[in-house]
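See structure below.
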Amino acid sequence: MTVETFKPKQTTTLDTPAKRLEAASTNAVTTGNRIGFVSLGCPKNLVDSERILTQLRIDGYEVTNSYDNADLVIVNTCGFIDAAVEESLDAVREALEENGKVIVTGCLGAKENQIREVYPDVLEITGPHSYEAVLKHVHKYVPKPEHNPFTSLIPQTGVKLTPKHYAYLKISEGCDNRCTFCIIPSLRGDLNSRPAGSILDEAKRLVESGVQEILVVSQDTSAYGKDKSGRTDFWDGMPVKQDITSLARQLGKMGAWVRLHYIYPYPWVDDLIPLMAEGLILPYLDIPMQHASPRILKMMKRPGRVDRQLEAIQRWREICPDLVIRSTFIVGFPGETEEDFQILLDFLKEARLDRVGCFKYSEVDGAVANTIAELISEDVKEDRYHRFMELQAEISAERLARFVGRTLDILIDDVDEEGAIGRSFADAPEIDGMVFINGETELEPGMLVRARITHSDEHDLWAEVVDADTQD
C-alpha cells in the first residue's frame, strides 16, 4: 500500500508480519531437539531472528513451525508502540497456552517486569540483540545435541526469513537521537555501527547466494559510522571509509539492487543522491519526516526547518528526476493544534511525496512526549488522520501516473494462476505498492524482467512484459 496506517504486526516505516519459520528442506533430519520460533516487528528485528536461528542450526537444533512438536518456543518481540506491545504479549500468551515453555527476547524483553506481571511462567527474558543470552537459555532447557546433522546444510548466508531474492542487511544498532515519541535508545542503546568490512562481506555472500535486492536497515541508517570517529576499515584488501555514502557506493558495485531505509534528514543525505542518479543504488529514499510544523518538530526534537526540507527535495529531484521519496508522519501529537495540522497538509501539497505512511499518535510507555503537552482526543486524531490520508492518496496517484508508458525493470516476488506480482525500484517489499503482470504465469520469483507500465492507481502499477527489441 502506498498510504497505510499502523496495524498490529507492523512497524513505523516498514510492515513486517509476524513470521514463524517454515520448516523447509533443512528440517529433513529429526533431532529430538526442536525449537519453535515467532518473530515480530520490524526488519531490524527480523535480522536478529535470522542470527539466532542460524546459530541454533549451527548448534544442531531443529527449527519447527509447530507448537506441538517444539521442546521450547522463542518469541522475538517488538515493544515500540502500544499496539506492538499488545501483539507481542498476545504471541507470548499463545506460545504459553500451546506449548508452555517460552523464552522471550527482543525490544519488549527490555521491560522484563511488564512481561512477568502478566506471564510469570515465562522461562527466561532477554532484551534486544542478546543473541548469546538467548542461546545460553536454550542450552539450559534443551541441551545442545552432541551430533549436529545440519552443519553441511546451513547456507553460507545463514538462515533467512525472507524470500531468496531479497534480504535485509543491518548495518548498525541503536540511535543517538532522542526523539520524544521514541524509546528505541532506551531499548537498543546508542549508535553502534558494524565494521564496514563485515557489512560488505555479508553483502557479498548474499549476492553470491542469489539475492537480487539488499535492503539496508538500522535505527538510523544515515548516521552510520558517526561513532567510528573517522576510522577507516578494510575490505578486499582496500581501505573503506566508514560513512553511509562510502558504504552505499561499495554496496552499489555488487550487482544487486540496493535500497536504503530509515534515513534521518541529516545534511549529508545530499551526498547519496548522486549515487542514485548514477544507478549505483536505487533512487529510493525512505526518510521519516514525522511532521512539518516547526513547533511540533521542536517538541519532537526533530529537525524543524521545513523550508530547508522542501529546498532539499527540490534539489534532490533536480539531480535525480526518478527519485522516489517515502516518508512517515504522526498526526495527533500532544499539543498539535489545527494550525499545526494545516501546516502539515500544506507541506504535503508542496512536497508531493511518493509514498507516505501516517500514524495516529499512540502513547508509548516511557516516552517523553506523553507528558510534554495536552493529549489530543481520539476523535480529533481520527479526523486528522482521514484528512491526511485523503490528500496523500491524491498525491500518490498523481506521482504513480508518471510511470505509465515507461518500461521498467520489475523484480518478481510471486506468481499465481492469474499472473506475476513484482516490484519496481519504486516499491519496497511489504510496505509499498506492487506491479501486476497479468497472464505471465511462466515467470518465477526472483526473476528480473522488463515490462511496460500500462495502468496505475494510488497504490499499484499494472504492466506487460516487453521483448528486448521493443524496449524504450
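Just so it is clear, glycine is given a Cβ too, placed from its N, Cα and C backbone atoms.
As recorded in Swiss-Prot, the features of this protein are as follows:
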- 33-143: domain 'MTTase N-terminal' (DOMAIN)
- Cys42, Cys78, Cys107: [4Fe-4S] cluster 1 binding site (BINDING)
- 161-398: domain 'Radical SAM core' (DOMAIN)
- Cys175, Cys179, Cys182: [4Fe-4S] cluster 2 binding site (BINDING)
- 401-467: domain 'TRAM' (DOMAIN)
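Features per Swiss-Prot, on structure.
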residue: Cys42; record: [4Fe-4S] cluster 1 binding site; DSSP (3 states): coil
residue: Cys78; record: [4Fe-4S] cluster 1 binding site; DSSP (3 states): coil
residue: Cys107; record: [4Fe-4S] cluster 1 binding site; DSSP (3 states): helix
residue: Cys175; record: [4Fe-4S] cluster 2 binding site; DSSP (3 states): coil
residue: Cys182; record: [4Fe-4S] cluster 2 binding site; DSSP (3 states): coil
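Looking at Cys78 ([4Fe-4S] cluster 1 binding site) and Cys175 ([4Fe-4S] cluster 2 binding site), their Cα atoms lie 16 Å from each other. Counted within 10 Å of its Cβ, the other Cβ atoms near Cys175 ([4Fe-4S] cluster 2 binding site) come to 22, all protein chains included.
Summary: among the binding-site residues (Cys42, Cys78, Cys107, Cys179, Cys182), the fewest other C-beta atoms within 10 A of the C-beta are counted at Cys179. The Cβ centroid of Cys175, Cys179, Cys182 marks the [4Fe-4S] cluster 2 site; residues of that chain outside this set whose Cβ lies within 8 Å of it are Asn177, Arg178, Phe181, Ile183, Ile184, Pro185, Gln219, Asp220, given in sequence order.
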